[in-house]
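Enquirer: Got a structure here, written out as structure tokens. Questions coming.
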Amino acid sequence: MTAASDNLTLRLLREVLSCPSVTPEDKGCQNLISGFLIDAGFESETICRGKTDNLYCWYGSAGPLFLFAGHTDVVPPGCGWNTDPFAPTEVDGNLVARGAQDMKTSDVCFAAAAKQFVKNFPNFKGRIALLLTSDEEGDGKDGTAFAIEELKKKGIQPDFCIVGEPTCSKELGDTIKNGRRGSCNCRVTIYGEQGHVAYPLKVENPIHTASKIISKLAQTQWDQGCEGFPSTSFQVSNITAGTGAVNIVPGSCSFVFNLRYNPATSGQEIENKANGIIKEFAENSDISWEHSAFPFKTEGKELTGCLEKAISKVQDIKPALSTTGGTSDARFISRWCSEVVEFGPVNNLIHKANESIPLKDIPKLTEIYYQTLVNLFSVSSK
Ligand SMILES: [Zn+2]
């Protein structure tokens, strides 16, 4: 990468960070990135639904397909900012703006790497594509999941994918995510018999029943974990009951719990086991489940090896492989592409006020993505 191309990357990043693209709005980010790539011979297509914009940009017509997946939407700024969150500002060697870590910097760095790569190796044997969505931080219905279905109809299927979410913990290059846990939520309402607290024989207290259920669910050992993953975790996130009065046993009690699970367990097994525990204590109850992510672990090693080699070259460290953290669009992509990993900048300020990216990491991240393409397509480095 040259100083001139680094300047162009920074200019594009500043423009993209200036777009107030609070989910599910894109506010022109994808247009800026596609314009930058079309200049270098990429083709592009928009796949929109509802308020969501999805962009698919590609170069090359045959051979293995490498996909970069990212999102241009950001979470709302919230309060506590010292600068305008949508006016990127340099402070002490960092570029401060909403989306600086999660994840406009990766989007732009990858676009810059891909542009440089096709300029240096216009006849490489393979294809490079970017899939950007503006609906990752929201419910995701019209985002990557929908775009994948549309791309599948055209026979498009990537062989390798990097999702550019911020994965590093202390230093750029220290962590690659090669899997994620599954996640499901369950909403339960227990019905009892409302009445006066002074007449225990005339009431059936649903809070007492709920507490027995929660206690048993919390003590349950769901599984033993599996290679690279901890055992399944259970947490209650909400509990609601009572009228506010001190002398009424309420008629119902509702609670919500979440389970994060590993690939050794299925969502259905978890659901069956939990339903059994709830029904054991409460015949009269409503239970509803939502499965927001299925777990995955990338078994392929080809892309991971190319990325590790690129990181060692640029940063001189060996990245750790990790499956921790929340969900990302990799949950959809892993069912479409056999080797998907996540790699992006340090994530210590995501969703916080004064989110920022070290300026020095911008050319380094670009170079890591570039060297990954060099390794993957086996061209000799320029
Ligand atoms: Zn993100």
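Quick reminder: no glycine exception, Cβ is built from N, Cα and C everywhere.
Copying in the features that TrEMBL gives for the protein in this structure:
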{"type": "ACT_SITE", "residues": "D73", "note": "active site"}
{"type": "ACT_SITE", "residues": "E136", "note": "active site, proton acceptor"}
{"type": "BINDING", "residues": "H71, D102, E165", "note": "Zn(2+) 1 binding site"}
{"type": "BINDING", "residues": "D102, E137, H351", "note": "Zn(2+) 2 binding site"}
{"type": "DOMAIN", "residues": "178-284", "note": "domain 'Peptidase M20 dimerisation'"}
Enquirer: Hey, for the Zn(2+) 1 site built from H71, D102, E165, who else sits with CB inside 8 A of the CB center?
Expert: G70, M103, S106, E136, E137, V163, G164, P166, S328, G344, I350
Enquirer: For Zn(2+) 2, what surrounds D102, E137, H351 with a Cβ no more than 8 Å from their Cβ centroid?
Expert: V74, V75, G99, M103, I350
Enquirer: If you skip the near sequence neighbours and keep only those at least six away, which residues in the chain come within under 8 angstroms of the residue listed as 'active site, proton acceptor', Cβ to Cβ?
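Expert: Non-local contacts for the residue listed as 'active site, proton acceptor': T23, H71, D73, G143, T144, S328, D329.
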Enquirer: Could you state the CA-to-CA distance between E165 (Zn(2+) 1 binding site) and H351 (Zn(2+) 2 binding site) to the nearest Å?
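Expert: Approximately 13 Å lies between the Cα of E165 (Zn(2+) 1 binding site) and that of H351 (Zn(2+) 2 binding site).
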Enquirer: Are there residues of the same chain, six or more positions away from D102 (Zn(2+) 1 binding site), whose CB falls under 8 angstroms from its CB, and which are they?
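Expert: Spatial neighbours, sequence-distant, of D102 (Zn(2+) 1 binding site): V74, V75, E165, P166, N347, I350, H351, E355.
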Enquirer: For E137 (Zn(2+) 2 binding site), which residues in the same chain are close in space, meaning a Cβ under 8 Å from its Cβ, but six or more apart along the sequence?
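Expert: Same-chain residues close to E137 (Zn(2+) 2 binding site) (Cβ under 8 Å, separated by 6 or more) are T23, H71, D73, V74, V75.
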Enquirer: Within 10 Å of the Cβ of H351 (Zn(2+) 2 binding site), how many other Cβ atoms can be counted across all chains shown?
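Expert: Result for H351 (Zn(2+) 2 binding site): 15 other Cβ atoms within 10 Å.
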Enquirer: Validating a neighbour-count step here. Other CB atoms within 10 A of the CB of E165 (Zn(2+) 1 binding site): how many?
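Expert: By my count, 26.
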